[in-house]
Amino acid sequence: MGEITNWMDQIVKENPNVVTKVDYGKTYENRTISLLKIGSKSASAKKAIWMDCGIHAREWISPAFCQYFINQTYKTDPKMEQMMKNMDFYVTPVLNVDGYIYSWTDNSTRLWRKNRTPGPEGCECLGTDLNRNFDINWGTLGISFNCCSIVYPGKSAVSEAEAQAITDFVGNRTDEILCFLTIHSYGQMLLIPYGHPNVIAPNENELVHKHKKTTCNTDLCLAMKKVHGKQYTVGTSPDILYSFSGSSKDWARLQGIPFAFTFELRDDGTYGFELPEDQIQPASEEAYSGALHIITHVHDKEFIKPTSTAATVAAMLWTTMMAVFVTSTVIV
Amino acid sequence: MRLKIIIVLTILTGITGSPSITIRPEVELVDNKQRISEQQNLVTETDEVVEDVMATGELNPNHYPAQRAAKVVQHYINTLYGSPFKVFHLHRVHSGNAEDVADSGRKYQLEISVQEMISNTSGKCSAEVFFSRGDKQHSPQVQVMCEELLKINTTKEEDAFYQHLKKNTSLLSAEYLPDSHGHIEPDMKPLWHLASVASSFIMLNESTQDTLFNMAQVANVTQLATESDQLKFEYLILLHEMVSQEIIRWKLLVSWCPPEGVKVLQMEKLPHCHECEKPPNTN
């Protein structure tokens, strides 16, 4: 974790015009929760993309991906430069700092998932599953009130400091934030909340159709498969994984953020949480391709497509009517 | 006529002069929280009903009912054909069908692709999985037919490994396969593969329509001395159950030799280890 914190500070130092570090919460063990805000500076408030990693301690590929993503943002790429002018990126490399540090202690702690808040009185176990703690149908599905359970949702909704940090920061910016991405592993899936269409481009019907040569049913899946051939299934949690309440992505959607995705990165069960180091780069590359696909659509939908269509149509009508007016004036 | 045109032009100017319209999908405001909660609850109830309905008839191959049943087939194939040099993994579900069988349970028919991990070859299989319902919970029953895949020849590697261990005077042992960084020493990989196969017996026995098992890690393995032809190993294996997200610990006594394949001689589920901490006097 120390390495990650130092690296974040270094990124800010090297790119002061584009990157700022924001401390936005404290963990149970009083460690700071920080994000990097990346985007060209602007006088007025900008729209934004939210990404968080490391909610679950053992999912080590997740913080690795956030760092990869941050590295990609400030590289010179014309499309990314345009998006950074119009939007800010809020990226949290590690949300569950206590849990993450604990999972690095030794071999016996590697598979820890929750945070490190002590259990209720009389409980010999500790930890709350942060992705069951958010205030959306809290404590109803996919949870256990046994405090030793790995899906213990906490003593109440948003009881946990880490969940509170996101709730406060994102909650104060729901008009700004267009897209909420939360990164997990493993399973190779992209999860969308209840009833949300699994699309991410202007013409929805173009995306959701069967591609004959692959088993991908969405363009998002195809975009990711192109990179290294890995298949990611897109769908709602209840359909492709299991039902559960209190998740950050469902909460984000409830706040009105229209695009909320949970990424479940590599692999599909062979190594599971202990993904080999030589897979970090390719896993990040394909996840980046997926994230970019979503972000580009969100950006274009907000800043490009609708405006140009309306303006073009209006301009056409105006020109036509002018021509008619001039003609009729001349004749009459 | 001219007046009408002027009016139309004025209106058009009005439109073009207006601020750019941003089309955003319907945004649900916090005011609607109650309604959304109700909707979500409704979705939950419907979901359960739908689950029963959906898991009958033609199945969506990407959805969990077909995926969980297909994983059971993977476990079954490994118990029959797996070895330290042959491990099968579910690659894809192509299609599936489910039907209730009177009151006794539910039967799945699946077309899947399975991959052999070491040779990196894949092939198609047709399978049937039966989950029983009711008081007596039996492990799922599986029938499978695969293409050439299962006949992959690994005799040379298996014999070489077997001979090597038989001749070795010291007994092998290892811990944490893979380690925290996903690394496995090449020499230890056959023991990791053997663990996958042995786990498959447990995962097969324990599977239901509400579970999805993978082997998370080998906590430790110790080779035991034997006088028989078999090689014997004691394993402590950590399984990951996806739906509950729990890590489940099993102690297994496993035997293997090339002609007889992998056998699990004893199995013991260990209690949940909440912290699994080392004794206080170690750092």
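Glycine residues also receive a Cβ, built from the backbone N, Cα and C atoms like all the rest.
Per TrEMBL, the feature domain 'Cystatin LXN-type' maps to B:55-154 (among others). The domain 'Cystatin LXN-type' (B:55-154) scores a mean pLDDT of 93 in the predicted structure.
What TrEMBL lists as domain 'Cystatin LXN-type' is B:173-278 (among others).
What TrEMBL records for B:1-17 is signal peptide.
Residue counts for the domain 'Cystatin LXN-type' (B:55-154) under DSSP (helix as H, G, I; strand as E, B; rest coil) come to 22 helix, 49 strand, 29 coil. For the domain 'Cystatin LXN-type' (B:173-278), the number of residues in each DSSP class (helix H, G, I; strand E, B; coil) is 21 helix, 48 strand, 37 coil.
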